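Peer 1: Copying in the features that TrEMBL gives for the protein in this structure:
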- B:His62, B:His64, B:His140, B:Asp211: Zn(2+) 1 binding site (BINDING)
- B:Asp66: active site, proton acceptor (ACT_SITE)
- B:Asp66, B:His67, B:Asp211, B:His270: Zn(2+) 2 binding site (BINDING)
2 protein chains.
Amino acid sequence: MQLIFLGTSSGTPTRRRNVSGLALSLRGGRDWILVDCGEGTQHRLLRTPLSTQRLQAICISHVHGDHCYGLPGLLASAQLNGRTAPLSLIGPASLWDYLQGVIASTALHLDFPLHFLDVDRVPAGLEIGGFGISAWPLSHRVPSFAFRFVEASVPLRLLSGRLERDGIPRGPLWGALQRGESVQLPDGLCVDGADYTRPAWRARSVVVGGDNDCPDLLGEACSDADLLVHEATYDEEIRVRIGPEPMHSSAARVAAFAERRGLPHLVLTHFSPRYQKGGGRGLPLARLEQEARERYSGDLWLAEDYDCFELDRNGRLQHSNLLR
Amino acid sequence: MQLIFLGTSSGTPTRRRNVSGLALSLRGGRDWILVDCGEGTQHRLLRTPLSTQRLQAICISHVHGDHCYGLPGLLASAQLNGRTAPLSLIGPASLWDYLQGVIASTALHLDFPLHFLDVDRVPAGLEIGGFGISAWPLSHRVPSFAFRFVEASVPLRLLSGRLERDGIPRGPLWGALQRGESVQLPDGLCVDGADYTRPAWRARSVVVGGDNDCPDLLGEACSDADLLVHEATYDEEIRVRIGPEPMHSSAARVAAFAERRGLPHLVLTHFSPRYQKGGGRGLPLARLEQEARERYSGDLWLAEDYDCFELDRNGRLQHSNLLR
């Protein structure tokens, strides 16, 4: 399972960070899912292996510009590049209003079907691009949601010791049992694949939050999750100084939540442009990292643009950056 | 007079070229005007000395995404960066519909006033940021316009030989005449500044076209102009092969027009992404340059992103690139 960060700034882009965008895919596949689509997301894609032709769904957490102003241009470019395959779009109802308005007023013609799904009514068992997808309401100035992505299909591994112990002959019968089927043995006995298999690994799951001032709302979504990606717009001191109105989280608040839930991996993103790596003319981003580390004992990352995280079948997270 | 190209690709961005955006300013001033605002224009600005706080007007040639999808994000960032000064917006009526729709559906709050001017009804004598601005209808799939920018105010130079010949005494009288005033001489005679001054240089003018398949429509707009910036989406062979439907110009067609009008400087832009400098996996951009040079004997340029052109008081054009 692979995550590529296309933008990690909140509100406005900086020279180093674009506004929000995150690509999810299953390693080995070229299909992918986009979470949020700030202005310039399609520009970021030009420096990744991802193609808009293989994009399966776009999930928009909420309809603020830094999370959705790149959507019309990305769709227009997919059209100009010859896309014909349907595309799923999941987001708040106002997202559809926004997009329909833009399409009508700017003569944007799309030959491929857009399937819009209101994020408030995502059907149970929704599966796209190899992911089971569910949505979870958050707390922000406008309706905002997190998305939980679970690996939809994990192959079964045969329990060969048990098969041999029970004298089930090797060959086509083992194959049928591995596919989870029920089979009849030569002696007439019926056996069930479920008794002789188990998933080759635990299905991986990732939760990607939208803007949110209350991480605790994600308690259930994060149950058993491998990784949480969450905004940490400020450090706690700045959050208190600004006051609650913007309805964002501090790094401290998210880290404390992740610690309480025992989450193995936490990736913070969506940093106020006032923070800069190394400080520069702004505040040092290290302020966020420090207060998060003080509260969270798991595997912590502060995302940068083009960061690539691979969550392997054993739940280990590997980091690289596409530009380095 | 300075022009900075923020985007020179048509339709979709490439790694080297963004979609349309062009900044105009008068050398020495920090005020500027933006012509077209494709997605990612605000990102390009981050690598220029231009500030959205000093932006005086945005002129949008037509409401296709590659010319206007960067507008909401640029306004949102100006707001987040504390802009309070009014901003003029000139474009087709549908631009206002587009922007109002986006503002309403994405909770975009702007504290600074936006003054919208329908490009079809630009008042005579409109002056913004030191430029006289007029608009000229073109031929495209949607209403599209060119903008002519004329240096609004050129200081007057005293004709000292004539003053001395007529015995007008040096001193405060000369100053008043240089300001263009009428003054009474000690002997009671009234003289007029217009008779003893002339402009220190000829007012410079630039015409910036939107998408357009008929350069001849710009005959009057280009009268006496120093420089034309015009789209050259294809070379003539590709234009013929694609057919007239997209309603774009070839380099050949624009060059031939500029030659007929005797324009001293021509800058081509808005190239189809199929062209690449040096060729690469696409067609060589040199095809456009070659067919333009065959038809135009003036000073020809094919714009690149971050290209900066300075038109001096003698009408000479100097080229540099902000990234080199």
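Each position is counted from 1, following the chain as shown.
Heads up, the Cβ atoms here are built off N, Cα and C, so glycines get one too.
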Peer 1: In DSSP terms, helix, strand or coil for B:Asp66 (active site, proton acceptor)?
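Peer 2: DSSP call for B:Asp66 (active site, proton acceptor): helix.
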Peer 1: Could you tell me which of these binding-site residues, B:His62, B:His64, B:His67, B:His140, B:His270, has the greatest number of Cβ atoms within 10 Å of its own Cβ?
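Peer 2: Most Cβ neighbours within 10 Å: B:His67.
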Peer 1: Quick one: of the binding-site residues B:His62, B:His64, B:His67, B:His270, which have a CB under 8 A from chain A's CB atoms?
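Peer 2: Checking chain A against the binding-site residues, the residues within range (Cβ-Cβ under 8 Å) are B:His64.
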Peer 1: Rounded to the nearest angstrom, how far is the Cα of B:His270 (Zn(2+) 2 binding site) from the Cα of B:His64 (Zn(2+) 1 binding site)?
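Peer 2: Here the two Cα atoms lie 13 Å apart.
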Peer 1: Compute the mean position of the Cβ atoms of B:Asp66, B:His67, B:Asp211, B:His270, which form the recorded Zn(2+) 2 site, and then list in sequence order the other residues of that chain whose Cβ is within 8 Å of it.
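Peer 2: For the Zn(2+) 2 site, the extra neighbours are B:Ser10, B:Gly11, B:Val19, B:Ser20, B:Asp36, B:Gly38, B:Ser61, B:His62, B:His64, B:Gly210, B:Glu231.
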Peer 1: What number of additional C-beta atoms lies within 10 angstroms of the C-beta atom of B:Asp211 (Zn(2+) 1 binding site)?
Peer 2: 27
Peer 1: Are there residues of the same chain, six or more positions away from the residue listed as 'active site, proton acceptor', whose CB falls under 8 angstroms from its CB, and which are they?
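Peer 2: Counting only residues 6 or more apart in sequence, the Cβ neighbours of the residue listed as 'active site, proton acceptor' under 8 Å are B:Ser9, B:Ser10, B:Gly11, B:Thr12, B:Val19, B:Ser20, B:Gly38, B:Glu39.
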Peer 1: Other residues with Cβ within 8 Å of the Cβ centroid of B:His62, B:His64, B:His140, B:Asp211 at the Zn(2+) 1 site?
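Peer 2: Same chain, not in B:His62, B:His64, B:His140, B:Asp211, Cβ within 8 Å: B:Ser61, B:Val63, B:His67, B:Leu138, B:Arg141, B:Val142, B:Ser144, B:Gly210, B:Asn212, B:Met247.
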Peer 1: Take the C-alpha atoms of B:His62 (Zn(2+) 1 binding site) and B:His270 (Zn(2+) 2 binding site) and report the distance between them in angstrom, rounded.
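Peer 2: With the alpha carbons as reference points, the distance is 14 Å.
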